[in-house]
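Asks: Submitted below is the structure of interest, expressed as structure tokens.
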Amino acid sequence: MFKIALESYKGVLAALQNNSPVISSKIPLNNGTSLPIVGFGTYLIEEHKIHTVLDAALKYGYRNIDTAAMYENEKAIGIALRDLLPKYSLSRKDVFITTKLRAEDETTSGVKNTKLRIDSWKELIRLNDNGRGVLRAIGVSNFLAKHLTHIISKTGVPPVVNQVEFHPYYNHPDELYELCCKYNIILQAYASLGGSDNPVLIRHSVVKEVATKHQVSPAQVLLKWGLQEGFAVIPKSVTPEKIKLNAELDFTLDIEDMAAISALESQQKFSWNPETVA
């Protein structure tokens, strides 16, 4: 298996062993709140599809919705949830919504970008501490160890989550895992299935063989591999049947399965360069 952040791994592992369905399991965060270990991603889902896909997501047990300013669907998500939560006897507090600030342009100078990162983090801390419940928790995305070290050294406040690209092809340097372990920062994986319109992992023979062995889909294998590596996951789909399958992760990959999938590592990324967007 890959080297992992121990505290994140222990938290996810404990959630997987609590005898509850994986889709309803949560991991404790370093601020006392908790996060569902399986969330629902909404990247590239157009506004007119949001209501339908969130209806399916809530129906099949997702209670963590992931979005971002750059996805341009935050408003549609809010409207859909306002309509759908009563249908499933849920209130707003039952659903953990994650959003992300828009990244700075890649041409931003290093000095300016560093200052903006600190200023943004300080403002998030203020909103989180104002006692009015504006934010349940604050985290970061695409942060390398140096980025985490910088904001923690300047503010004394670590994020609860670092959302990063993670899949069998791409691992992270040991220093990131060690820092997340030190501050109990949960790692949440995006692009677990290879990213949008990229079937290379789904179609890989090793993944397909493991899927056949467990009588599940390749996507389910990749998601469970990520969970057993200690990462929370946020799969995305617009197809109700796939949304349902991605929530059905109540099986276990054995040591041989995990090793075979981990052996696919090639340091191939499918998404953002953290040097320019974090």
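Residue positions begin at 1 at the first shown residue.
Just so it is clear, glycine is given a Cβ too, placed from its N, Cα and C backbone atoms.
So TrEMBL says this about it:
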- 47-110: domain 'NADP-dependent oxidoreductase' (DOMAIN)
- Y71: active site, proton donor (ACT_SITE)
- K100: site 'Lowers pKa of active site Tyr' (SITE)
- 121-195: domain 'NADP-dependent oxidoreductase' (DOMAIN)
- 207-264: domain 'NADP-dependent oxidoreductase' (DOMAIN)
Asks: In Å, rounded, how far does the Cα of Y71 (active site, proton donor) sit from the Cα of K100 (site 'Lowers pKa of active site Tyr')?
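Replies: Counting only the Cα atoms, the answer is 9 Å.
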Asks: Same chain only, sequence gap of 6 or more: which residues have a CB within under 8 Å of the CB of K100 (site 'Lowers pKa of active site Tyr')?
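Replies: Counting only residues 6 or more apart in sequence, the Cβ neighbours of K100 (site 'Lowers pKa of active site Tyr') under 8 Å are T67, A68, A69, M70, S141, Q163.
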Asks: Could you count the residues of the domain 'NADP-dependent oxidoreductase' (121-195) that DSSP puts in helix, in strand and in coil?
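Replies: When I sort the residues of the domain 'NADP-dependent oxidoreductase' (121-195) into the three classes, I find 29 helix, 14 strand, 32 coil.
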Asks: According to DSSP, which of helix, strand or coil covers K100 (site 'Lowers pKa of active site Tyr')?
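Replies: Reduced to three states, the DSSP call for K100 (site 'Lowers pKa of active site Tyr') is coil.
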Asks: Return one of helix, strand or coil for the residue listed as 'active site, proton donor', based on DSSP.
Replies: helix
Asks: Give the mean pLDDT for the domain 'NADP-dependent oxidoreductase' (207-264) on the 0 to 100 scale.
Replies: 98
Asks: What is the total of other Cβ atoms whose distance to the Cβ of Y71 (active site, proton donor) is within 10 Å?
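Replies: Around the Cβ of Y71 (active site, proton donor), 21 other Cβ atoms lie within 10 Å.
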